[in-house]
Amino acid sequence: MAPLGEGSDDPVLPDLPRGPLHAARARASFPWKELALFWEGPDMLRFKKNIFSALENDPLFAHPPGSLSLEKYRELNFLRCKRVFEYDFLRVEDLLGNPLRVLALIQCLGMYDWSLATKFFLHTLTFGSAIYSSGSERHFKYLPKIFNMEIFGCFALTEVSHGSNTKAMRTTAHYDPTTEELIIHSPDFEAAKFWVGNLGKTATHAVVFAQLYTPGGQCHGLHPFVVQIRDPKTLLPMPGVMVGDIGRKLGQNGLDNGFAMFHKVRIPRQDLLNRSGDITPEGTYVTHVKDARQHFSESLGSLSSGRVAIAGMSVVNLKLAVSIALRFSATRRQFGPTDEEEVPVLEYPMQQWRLLPYLAAAYALDHFSKSLFLDLVELQQGLLGKDRSARQAELGREIHALASAGKPLASWTAQRGIQECREACGGHGYLAMNRLGDLRDDNDPNCTYEGDNNVLLQQTSNYLLGLLVRRDQDGARIESPLKTVDFLEAYPNLLGHGFEASSPEDCLDSSVPLAAYEWLVCYLLRESYQKLNQEKQSGSNDFEARNNCQVYCCRPLALAFLELTVVRRFHEHVHQPDVPPPLRAVLGRLSALYALWSLNQHTALLYRGGYFSGEQAGKTVENAILALCAQLKDDAVALVDVIAPPDSILNSPIGRADGELYKNLWSAVLQQSKVLERASWWSEFSANKPVLGSLKSKL
């Protein structure tokens, strides 16, 4: 293993530059390099350093001063994506042999620019993984072409008129047995594939989802097909394909999102991705899947991969935002006990309360997203090994439920956190060069694509309600492969418990909010179950009944369940025996702060259900949150050092590691400004004497 710090020409963890932040680092209760080693491991630290070093030293990745035109940005983004492949950071064998490297590469690229990361991710993982996991050996010919960029791919599911309701997609694929071809067709503009990343300018091939029809007119539901969109040599559209760019977006404008319509485009029968269903040359549909719902979930299995990845992407945005805001807060001085003495704004309890819970959330959600990614890898390995066991099916349902709530929790937490960080940096946070605005805009689509957050939460609550129904009807135990629901076996007895902490000190371990969360999920499960039955008894059909249960029952149920899962996994991780002794206290505080801060958002429910009683319970939790913030204040800068990328990647003058806040800001302003130059439009405007004269006369 390479050295972590001193004594090497190329240390994995180089010493940070001295400056105003040095004093804040010196106050930390733990060695930040030891935490980085524990959190990432030496191999991952070296892998990330190699990526960052390549980007830092390559002129193609230099940040241009000012803004680029849309066309230039997309051209540069494609060239950068091509260069990433040339560096060969990720080998094909890493996809299964070292899967966390896949996630790390996407996240390192995202720390630099999400347009680049998303372009790479959509081509390599979304397009490539869809072919690998939904196809068979006959489709593996595409994989080397993906990694050498002989073709460039995208994932075409969403249509103009349908997004979340995937079953209602209207693109069709009719099989013609006389030519052994499938005819891909868009009946009208509402059925055009839309919002597809990489499709606007660069994709040559797409995994297109369409309703499969066999001779005789029988529809077999949504299936994926490999369809060529453009000629790889000319990038001109293939016959029958109308393709274009949908234009400028609120963020990620280096990514070319596009649309496509198909007019009776013929593709070989073999380009049906056939893991869950196939067509014989004569036109007979064959499948090993007996249940229509299982077929649908297998066809869209790659969506869980996307949702897990988006949760991790959201966490990266939160890491970047808190890194900028906390370094700023540790060096920005305002007010003080006397007029002559100003103190860093991080010393104020209000600033601590605004920012430190989001720092704790970044750590908790980072661990959760990585662990869920490894769970997903286990599931996919089972699918590739043709595991048809009951455990494998149950694992798929559990991961689907976790991913469906994990993406909403992570993306919403990041969105709120980035905004809080922006405001906590005052006017400097509003300056575009400090990057918080870009982070907010680039994170925004995480709340929408791969499933609208509020719609996704219904998948999780349906999973939980289904467990209760099975127990009541069949006497089945409530348990799951990942054990996220095993505590529900004690339902409804858990509802008899109450809050027992009598002082803030009692709450400083995350086991206390863990117990409260278990009660809360049981309470919301009971409320949702009763509400659903009441709706049905009053005459509502199943569709109406479920819709009427969402706002105050099923939605909070899904979020509370996922928060409990995050809290439990983080608690177990930081309390395991192999945590180095110098790290135990700070990690324990982070775990307790995230748990209490998240739980505190459900105070009204805890009182309404009777878990809290009397005003002291709520005050105890609030005082514990403030106490933990005060205890973590001196550790904040060192905690940021563990998760922040190098300055050239973070690309924020107010978030640089040396803490030379005003020097860095002034240097950046001068670099992009022409201080002594008059505005270019002034001479033309001032030459227009009649206009100036008329304005003066009116004034």
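Cβ coordinates are placed from backbone N, Cα and C, and glycine is handled just like the others.
So that you can see what the record holds, here are the features copied from TrEMBL:
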BINDING   Thr158, Gly197  FAD binding site
DOMAIN    301-465  domain 'Acyl-CoA oxidase C-alpha1'
ACT_SITE  Glu450  active site, proton acceptor
DOMAIN    511-686  domain 'Acyl-CoA oxidase C-terminal'
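Per-residue pLDDT, averaged along the domain 'Acyl-CoA oxidase C-alpha1' (301-465), amounts to 94 for this model. Distance noted between the C-alpha atoms of Thr158 (FAD binding site) and the residue listed as 'active site, proton acceptor' is 9 Å. The local packing around Thr158 (FAD binding site), expressed as other Cβ atoms within 10 Å of its Cβ over all shown chains, amounts to 20. Rounded to a whole number, the distance between the Cα atoms of the residue listed as 'active site, proton acceptor' and Gly197 (FAD binding site) is 12 Å. For Glu450 (active site, proton acceptor), the same-chain residues that are 6 or more apart in sequence and have a Cβ closer than 8 Å to its Cβ are Leu303, Gly306, Arg307, Ile310, Lys407.
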